[in-house]
Amino acid sequence: MRARETRKNYQCLWRWGTMLLGMLMICSAAENLWVTVYYGVPVWKDATTTLFCASDAKAYDTEVHNVWATHACVPTDPNPQEVVLGNVTENFNMWKNNMVDQMHEDIVSLWDQSLKPCVKLTPLCVTLNCTDYLGNATNTNNSSGGTVEKEEIKNCSFNITTGIRDKVQKAYAYFYKLDVVPIDDDNTNTSYRLIHCNSSVITQTCPKVSFEPIPIHYCAPAGFAILKCNNKKFSGKGQCTNVSTVQCTHGIKPVVSTQLLLNGSLAEEEVVIRSDNFTNNAKTILVQLNVSVEINCTRPNNNRRRRITSGPGKVLYTTGEIIGDIRKAYCNISRAKWNKTLEQVATKLREQFGNKTIVFKQSSGGDPEIVMHSFNCRGEFFYCNTTKLFNSTWNENSTWNATGNDTITLPCRIKQIINMWQEVGKAMYAPPIEGQIRCSSNITGLLLTRDGGGDKNSTTEIFRPAGGNMKDNWRSELYKYKVVKIEPLGVAPTKAKRRVVQREKRAVGVIGAMFLGFLGAAGSTMGAASITLTVQARKLLSGIVQQQNNLLRAIEAQQHLLQLTVWGIKQLQARVLAVERYLRDQQLLGIWGCSGKLICTTTVPWNTSWSNKSLDKIWNNMTWMEWEREIDNYTSLIYTLLEESQNQQEKNEQELLELDKWASLWNWFSITNWLWYIRIFIMIVGGLIGLRIIFAVLSIVNRVRQGYSPLSFQTLIPAQRGPDRPEGIEEGGGERDRDRSTRLVNGFLALFWDDLRSLCLFSYHRLTDLLLIVARIVELLGRRGWEVLKYWWNLLLYWSQELKNSAVSLLNATAIAVAEGTDRVIEVVQRVGRAILHIPTRIRQGFERALL
């Protein structure tokens with residue numbers, strides 16, 4: 001009974017089984033995906049490109065020549081835009097940054113270009129007869145830097161050629177001791193020559209040349225972008241989670257200095273130390289301070305310049321007279337601020353090197369530019385001794401809490417002949433600057449090196465000031481930037497396949513996307529970012545156009561120059577590069593048949609070997625950057641398939657156009673074709689009538705020639721009667737039957753009407769026959785089709801019934817088996833339960849039997 005009840009309960013479930021089978025068949029069917037092209041996606045790749053400069057037009061004095069040539073830069077944007085890229089992580093590496101190399105090359109080129117038109121110092125490469133000049137040094141005190149050392153300034157006389165080359169004249173000038181060297185073969189110690197005369201070409205800086213640093217903004221051309229890391233404790237190497245995109249960097253002052261970094265940017269929170277490899281003592285350590293330390297430098301004595309003419313257009317400027325006290329140049333730094341800064345730096349170094357004692361010492365030796373802190377102050381090159389700055393020891397218990405106005409005075413020396421830092425074999429002569437010189441700068445960073453080769457178990461680490469490689473100066477400002485190339489073309493799988501259909505253009509519904517930057521949707525999913533394609537594509541083109549206008553204005557502003565500066569050349573390169581990139585993208589879109597489209601479907605099937613992720617995971621969980629990295633190895637293959645597909649499609653369209661008139665029968669019924677049909681009909685009828693007239697005339701002419709006069713066209717010719725129908729009646733009685741006659745043509749209109757009537761009747765009969773035939777064929781086809789449908793319907797009913805019966809039988813058998821098994825299981829469980837329940841009874845019976 002239980003099995004029968006189960007069978008009855010499961011008999012009604014065959015419908016559910018059928019539905020489940022259908023669902024499985026639908027789900028198992030593979031869904032075709034097709035490649036879709038998107039233009040304007042927020043994707044970028046690391047790149048190396050030509051950067052151009054932007055600078056404030058009012059940042060320099062127009063009366064002097066600015067060595068940085070910022071007048072050739074484009075104006076800075078008054079409202080610079082910085083778009084934060086949410087949910088984006090990017091790798092940065094300040095030690096392998098092409099922006100640093102590019103800035104270094106630019107500064108070298110600017111220095112070289114500023115010296116090209118200047119006078120060479122070859123006439124001064126002669127024997128100098130020099131004596132020591134002390135002036136009134138004995139009357140000075142040490143309160144402001146101390147007296148000048150003995151032999152610090154030399155009073156030299158020499159012979160120099162005049163405008164007439166075979167004549168010489170006697171001249172004199174004052175030179176600093178660092179700028180002259182004694183001649184070895186002279187024991188009088190009065191013969192000297194200028195330093196570097198035997199190894200370098202010395203060029204005098206042109207009059208009114210200013211070395212005052214002016215902020216330079218490096219900008220990326222259209223089609224490129226600059227990514228900026230905003231992590232406050234970023235080490236300069238590794239991943240950055242707070243990324244934004246900018247078109248230009250902040251204003252970077254190209255300060256050429258050693259040991260101390262001047263007038264740079266500060267850390268936002270605490271002191272940051274950066275190095276390519278802290279364990280390698282050969283690597284320079286860059287220290288970025290969080291609070292600047294002011295350094296004030298002075299050259300007290302008052303110099304007067306003297307002109308020495310050595311030929312037409314060759315004027316040498318030397319120190320002709322020193323007025324007032326001769327005292328050293330010097331720099332003052334607040335002791336409290338400096339020691340507080342060193343304490344913070346030592347704390348960071350201890351954290352990096354395992355809480356060891358940090359010792360700062362002076363430079364270990366080398367060129368004067370490295371041993372001393374060298375920099376330019378109002379046109380004079382200062383070389384300051386920093387021993388007082390780097391002479392301290394810091395351990396865990398070392399702190400500096402003192403405050404006050406105590407200052408550290410750094411003795412400085414001035415050089416006029418500078419060994420060019422950018423390349424070997426060149427030197428520069430800086431003419432003396434008249435008047436007293438004062439300059440104030442901010443120390444924003446340090447360049448340090450760590451001593452190596454000591455005991456690894458030592459508890460002390462020694463650090464010394466370093467410098468000389470100007471790339472470290474630029475690297476300290478460009479550490480948070482990198483250049484990327486925008487790749488607006490993206491491919492992804494969708495369900496849409498290209499169709500040639502008529503469709504209306506619809507506007508994008510998301511107005512808020514207009515305010516996003518080009519890469520503002522970089523952190524969004526692919527589905528969310530795809531709605532901003534219009535904005536991004538428009539910004540790409542408008543950015544190119546705007547940038548071209550800015551570059552053209554900058555180039556026009558320097559047309560009066562005989563030679564473009566390095567900035568002008570870079571602007572031209574950036575202009576050409578931007579247009580080339582845009583045209584390349586448009587060319588690819590044209591090759592793929594996607595010109596003017598932001599979303600372009602194709603007929604290329606998506607291969608799961610490229611990516612087997614589902615559409616939901618791709619469009620709702622991945623960003624365009626993540627997707628681009630996944631299919632990067634297959635991009636070139638996909639591009640090739642898109643091109644081949646478009647070529648095949650164009651070939652098919654060409655073949656189709658050759659059969660265009662037969663493409664659609666509905667075109668035969670258009671009003672234009674009907675008018676053409678009527679015209680053809682009129683021409684045919686007119687031709688027939690014309691032929692009829694011609695043949696009638698020819699027949700008449702032929703009969704006239706034979707001597708026959710035709711009857712009138714109005715005469716009715718009796719028709720011939722048969723032999724059984726005589727024309728008369730016997731005995732002449734009775735009525736004559738109506739005569740039959742053939743009607744002749746009655747004029748031209750009658751002829752036209754007769755032919756037209758005959759043609760219409762003929763056409764009517766033929767069309768009627770054709771319609772009857774077509775109706776018969778349609779009837780036969782309908783009957784046969786209906787029979788076929790009935791046959792298939794009966795077949796479907798038969799197999800569905802068979803499937804139903806099979807499913808019912810299967811379910812019944814399953815139910816019976818389950819029911820029988822359930823009965824056995826229940827019976828076994830009952831027996832086990834009874835046995836357990838009877839255990840006490842059996843025990844009692846056993847005890848009773850034992851007692852008996």
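Cβ from N, Cα, C; glycine included.
When Swiss-Prot is compared with the stretches 77-86, 457-466, 837-846, the one noted as region 'V5' is 457-466.
Annotation in Swiss-Prot places Cys219 in a disulphide bond whose other cysteine, of Cys197, Cys240, Cys248, is Cys248. Disulfide annotation in Swiss-Prot: Cys118 is bonded to Cys206, selected among Cys53, Cys73, Cys197, Cys206. Noted from Swiss-Prot: of Asn159, Asn812, the annotation N-linked glycosylation site belongs to Asn159. For the pair Asn391 (N-linked glycosylation site) and Asn339 (N-linked glycosylation site), the C-alpha distance works out to 11 angstrom. Neighbour count (other Cβ atoms within 10 Å of the Cβ, all protein chains): 16 for Asn242 (N-linked glycosylation site). Each of the glycosylation sites Asn263, Asn385, Asn397 was scored by other CB atoms within 10 A of its CB, and the lowest score goes to Asn397. Neighbour density for Asn391 (N-linked glycosylation site): within 10 A of its CB lie 11 other CB atoms from the protein chains shown.
Cβ contacts within 10 Å of Asn189 (N-linked glycosylation site), excluding its own Cβ and spanning all protein chains shown: 11.
In this structure, the CA atom of Asn263 (N-linked glycosylation site) is 13 Å away from the CA atom of Asn296 (N-linked glycosylation site). Of all the glycosylation sites in the record (Asn242, Asn296, Asn339, Asn385, Asn397), the one with the smallest CA separation from Asn189 (N-linked glycosylation site) is Asn385. Spatially, by CA atoms, the glycosylation sites Asn155, Asn198, Asn296, Asn397 include one closest to Asn339 (N-linked glycosylation site), and that is Asn397.
Per-residue confidence over the topological domain 'Cytoplasmic' (702-852) averages out at a pLDDT of 75.
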